[in-house]
Structures are given as C-alpha cells and as structure tokens.
Amino acid sequence: MKIYWLLLFFSSLLPTLLGNQLWAAEITGGTQVAQLLAASHGFKILYKSKLGDDIYILEKDDNPLLKKRKSGKLQDSKEVLWAEEQVPKNREKRGMFSWLRSRYTRVFNDVLWNKEWYMQDYRDGAQVPVLDLNVVPCYMEGITGTGVRVTVIDDGLEWRHVDIASNYDPSISFDFNDNDTDPTPRYDPWGSNSHGTKCAGEIAMVANNRICGVGIAYNASIGGIKLLDGPASDLLESEALTFNLKRVDIYSNSWGPPDDGRTMEGPGLLTRRAFFKGVKEGRDGKGSIFVFAAGNGKGKGDNCGADGYINTIYTIAIASASQEGKAVYYGERCSAILATAYSSGANRNEMVATTNLNNTCTLRHTGTSAAAPLAAGIIALLLQANNNLTWRDVQYLITWTAEVAPLSNNPSWNKNAAGFWVSSDFGFGLLNAHNMIKRSRTWRTVPEKHLCIVPVNIAGNVTIFSGTQTRVTLYSKACRGTPNEINYLEHVELRLSLDYFRRGSLSIHMTSPSGFRSTLLEERFWDEARVGLNSWTMSSVHFWGERPAGFWTFIVGTRLYEDRPELIRPGRLRSALVVFHGTKEKPSIYDNGPREYAPFYLP
C-alpha cells in the first residue's frame with residue numbers, strides 16, 4: 001500500500017517538476033556536499049532517489065540567464081559523476097488502443113477527432129476483432145448520412161452551436177414543454193439540460209471544421225424535440241414520437257422510466273399507438289426507426305425487463321460496452337436488447353466526445369445515453385446506403401452483422417437453435433456499420449410479419465410459493481394452417497398478470513421447443529412493490545430465427561426471505577399470453593444457412 005501511494009505521489013508530482021527543469025544527478029561526498037553544490041549552481045535538491053545512495057533529484061532555477069552557465073558548471077564539478085535534464089517523453093498507456101496508431105488519424109481536422117476512439121479502426125489484419133464501430137470505411141465510400149433526418153427527443157437542442165448549426169433542420173424540431181418551434185434548452189448554472197445537445201452532437205457534428213468532433217452521420221440532418229424539461233405525459237410522448245412523421249427517419253431516445261430498481265413502467269396507450277403508427281406510416285410506409293437506450297440502472301439492481309419502452313418490438317434497444325469490450329457497471333441487461341455500441345466503463349475509461357452547451361465541447365458523455373445516439377447515427381448511414389429498408393429490415397441487418405468477437409470475453413453469450421449468438425448484456429453484439437452497409441446493398445425485403453397469439457390455459461389460478469420455481473408449459477402449433485402462421489421467429493412476447501407480495505423477488509424465464517432458455521426479467525432487490533404484475537409484457541429477441549411450433553415453458557422464480565417471515569406467503573398466477581412475431585416464409589437471408597461469425601473465444 002505504501003508503494004502504491006508513493007507511485008501516486010510521484011506520478012502527480014512529475015509533470016509539475018518536468019515543467020520546472022527537473023534534473024537528476026549523481027553526486028558523491030554525502031548529502032551536505034550535494035546541497036552546497038546544488039545551491040552554488042542554481043539548483044535545489046527535492047529528494048534523494050531510491051535508485052542509488054548518491055542520486056539526487058534537483059529542480060533548476062528557472063531564470064533563463066542562469067540556465068546554460070550554471071548547469072554546465074554543475075556537470076564540471078568533480079563530485080558530480082553525471083547530471084541530466086529530464087525531458088518529457090511521449091508515453092502511451094498500454095491498454096486497448098495504445099498498441100497501434102489509427103490509420104485514420106488525419107482523415108478529419110476536428111480537434112476531438114483523435115479522441116473518438118469508438119469511430120477509428122485500430123485493426124491490424126482481417127482476423128483481428130473490430131475495436132470500433134467500423135464507420136470510417138463507410139465514409140470512404142461516400143456514406144455520411146446525407147439525406148437522412150434524425151431527431152433527438154430529449155431536454156432540448158442548442159441548435160445554434162457552431163458544430164451543429166449547418167446540419168440543423170427546424171422542420172423536425174419542436175418544444176413540447178413550452179409549445180413552440182424552438183427546442184433551445186433552458187440554461188442554468190449547472191448545465192442541467194445539456195443531455196440532448198450532447199446526444200445530437202454524437203450523431204451530426206459537422207466534419208472538418210476544426211471544431212469539437214465528428215458526428216457518426218456528419219452529413220445527416222439533425223433535429224431536436226424538447227420533451228424532458230418538464231413533466232411528460234402519455235399524450236406528449238405520443239406526439240413527440242410521431243412528430244412530423246413524414247419527414248423524420250430516426251427518432252433517437254436516451255430516456256425512459258427512472259433507473260432506480262423500483263420503477264416498472266412502460267408506454268401508455270397513446271404512446272403504444274404512436275409506435276404502431278410510426279412503423280406503419282413513417283418513412284412512406286417503410287416504418288420509422290425508434291432507437292432507445294437500454295438503461296443505466298444496473299448499479300441499483302435494475303433490469304430493462306422492467307422497462308416497457310425497451311420491451312416493445314418497435315424499438316431498437318441499445319446497450320453499452322466499455323473500451324475493453326466488457327459489460328459496463330451501469331448497463332441494464334435483459335432479453336429485449338438488440339445490440340450494443342461503445343460508451344465508457346469505469347472512470348479510467350475514455351468517454352464519448354460531443355457538443356456541449358454554450359458552444360463548447362466535451363469528452364465526458366457516457367452511459368447508454370451515449371451509446372444510443374451512436375446507434376442512431378449508424379442507422380442513418382445505413383438508410384443513406386439503402387433507403388428502401390423497412391424497420392424490420394433494419395432489425396434483421398443488425399442481427400446478421402453485429403459482432404460477437406469484440407465482446408466475447410463475457411460469460412453471458414449463448415447460441416440459439418437457429419445459430420445466433422445472443423447475450424442479455426449485449427443483444428446480438430457490437431454494431432458494425434460497414435458490415436451492415438455491405439449487406440444492405442443486396443438486401444431483399446423480409447417477408448410480411450405475422451402475429452400469432454397463444455392464450456395460456458391457467459386452470460384455477462396457479463399458486464406461486466416463495467422460494468420456488470413455478471413452471472407453466474404450453475403447446476403451440478404457431479398458428480399453423482391459418483393466415484397468421486409463423487415458421488421463423490423474430491420477437492417473442494410474454495404477457496403476465498399475477499399477484500405477489502414483493503414484485504422485486506420475481507424472475508421470469510422462458511424456454512423454447514429447442515430447449516434454449518431466455519431470462520425476461522431478473523430479481524430487483526429494491527423493488528418492494530406489492531402489486532405483482534398486471535398485464536405486464538416482456539419480450540425476448542433470443543429466439544430469433546428458431547421454429548416456434550412445439551412445447552414452450554415459462555418459469556416464475558421467487559426468492560425465499562427466511563429472515564423476513566412477513567414476506568413468506570403465496571401468490572397466484574392469474575393469466576398469461578404468449579405472442580409470437582415472425583414470418584411464414586423463409587427470409588432470403590437464411591438461404592445459405594445459419595449466420596457465420598468471425599472467430600472468437602469465450603471465457
């Protein structure tokens with residue numbers, strides 16, 4: 001521990017000392033002689049080095065008139081075996097990105113470009129896993145987001161910011177808090193309403209203007225919808241999510257219910273209808289793209305299975321990964337997460353570069369809030385490459401191109417019966433922009449989506465006992481022989497109503513006919529609600545591509561609190577409904593067999 005604190009002391013001291021002409025010298029004759037010699041030549045001894053009894057660290061008098069003359073005399077003294085000025089040297093941390101300089105360092109002149117580690121390709125060969133989102137090769141092909149409109153629903157947008165203004169589109173912007181057309185955030189001394197401006201900058205910062213950084217889709221049109229600077233309602237949310245539906249391509253959302261480990265909320269009736277309207281009517285019938293951050297409540301025991309905005313099939317839920325390709329300490333996990341973008345992990349990790357209030361820049365944006373706009377920007381690149389893609393095509397392209405290899409050193413990966421690797425932390429993996437765009441150029445639109453509803457026969461209300469697992473098995477033909485027949489799964493939803501004395505003690509799991517298991521909801525320690533679940537819908541993308549016909553099992557797990565006898569009492573399962581989403585016909589992407597992956601190794 002003493003060595004650790006000494007290292008901290010000297011590492012903090014060294015830059016200051018280097019700025020004040022720090023010298024090292026080996027001086028014989030003892031400490032008193034060394035002090036006299038140092039003083040006579042314009043030095044003072046700071047401390048004796050541990051590298052030798054006669055080695056001293058000295059600070060030079062910073063008078064420039066004395067520098068050459070007196071340092072020379074020090075070296076000429078017979079007691080001085082050697083003396084050397086300590087010159088600062090470039091030393092890189094030997095972490096994930098220090099071993100190879102990016103080949104894209106000079107692509108842009110923006111001052112923060114070299115800090116945008118998540119955009120620059122550090123690979124040294126085709127077999128090395130991607131260490132970024134693989135966007136620069138898209139730029140080399142002229143794919144920069146041109147013609148695509150993205151709006152950020154948040155606390156406002158400083159659209160006059162010099163690194164945003166030329167990409168700003170007022171037609172896709174509105175202030176629902178003040179009911180006017182100007183989404184400029186409300187300013188206060190704490191910068192409380194900087195969130196939307198940070199998210200927007202990630203997507204559409206202007207390139208090559210020597211200001212801030214480079215947006216993922218730096219030629220996209222960007223708008224801001226001010227919603228979060230005041231009480232939100234189902235009505236306001238629904239209006240924000242369908243604002244100028246004919247012009248907005250992508251709605252980027254880094255918000256949701258409180259990530260406190262206690263709240264279980266989802267979109268209200270109007271907002272649910274807004275999502276449906278968006279995918280039916282948006283983008284000339286091809287469907288609006290709704291990107292949502294998966295949530296930052298993991299540190300409070302939260303789980304995005306309790307977030308209804310993540311569990312709707314109409315949103316693309318995005319998780320975060322650290323520079324090291326690890327699950328981040330704040331990132332919520334659940335079976336509805338579709339993919340991952342980089343953000344920051346621990347405090348020592350790099351964060352995300354973007355715009356900030358008052359025409360400034362920041363390197364401190366983080367969380368799934370930072371990951372979701374990166375995903376929105378990547379999808380903007382994708383839509384420029386192929387604007388005929390439907391909202392479901394976009395989801396399919398993610399499932400077929402997201403990378404496992406950069407995130408493989410995590411225990412949550414499992415392979416389903418259709419050959420997809422999936423994770424509750426990362427969905428299908430790290431987004432890879434160039435891979436998506438290459439696939440999109442020959443993409444054939446997926447077949448029509450069917451919806452197969454399977455009611456579950458709950459005879460006499462199933463009792464749920466504390467500390468047990470209650471299993472319910474059902475057989476489904478997946479609507480075979482009907483207009484809703486499904487043979488290839490996309491999303492699976494489970495809607496439950498049950499009474500239980502402590503909601504946070506519940507965990508929900510589901511097993512497909514193949515035997516593959518997915519966790520839809522984990523226990524939440526801080527959730528003391530006594531309402532159970534009331535028609536709560538959870539979803540999973542982990543069965544993607546599997547055949548749905550056969551026996552399905554869902555499991556309601558409960559924790560036993562032996563030290564709290566008031567919590568040991570039974571509950572009851574009142575109703576259950578399973579909903580399959582998928583296609584009858586085989587999507588053409590499956591014609592050549594299961595998805596292939598770059599090599600990776602699991603822990």
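Note: Cβ is positioned from N, Cα and C throughout, glycine not excepted.
Sequence annotations record features per position, and here TrEMBL assigns active site, charge relay system to Asp154, His195, Ser369. According to TrEMBL, the feature domain 'P/Homo B' maps to 445-586. Residues annotated as signal peptide in TrEMBL: 1-19.
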*To what whole number does the mean pLDDT across the domain 'P/Homo B' (445-586) round?*
94
*Rounded to a whole number, how many Å is the Cα of His195 (active site, charge relay system) away from the Cα of Asp154 (active site, charge relay system)?*
7
*asked:* I'm trying to understand the geometry here, so how far is the Cα atom of Ser369 (active site, charge relay system) from the Cα atom of Asp154 (active site, charge relay system), in Å to the nearest whole number?
replied: 10
_Neighbour tally for Asp154 (active site, charge relay system), based on other Cβ positions within 10 Å of its Cβ_ = 29
_What's the number of neighbouring CB atoms sitting within 10 A of the CB on His195 (active site, charge relay system)?_
23
_Secondary structure tally of the domain 'P/Homo B' (445-586) (DSSP, helix then strand then coil)_ = 6 helix, 70 strand, 66 coil
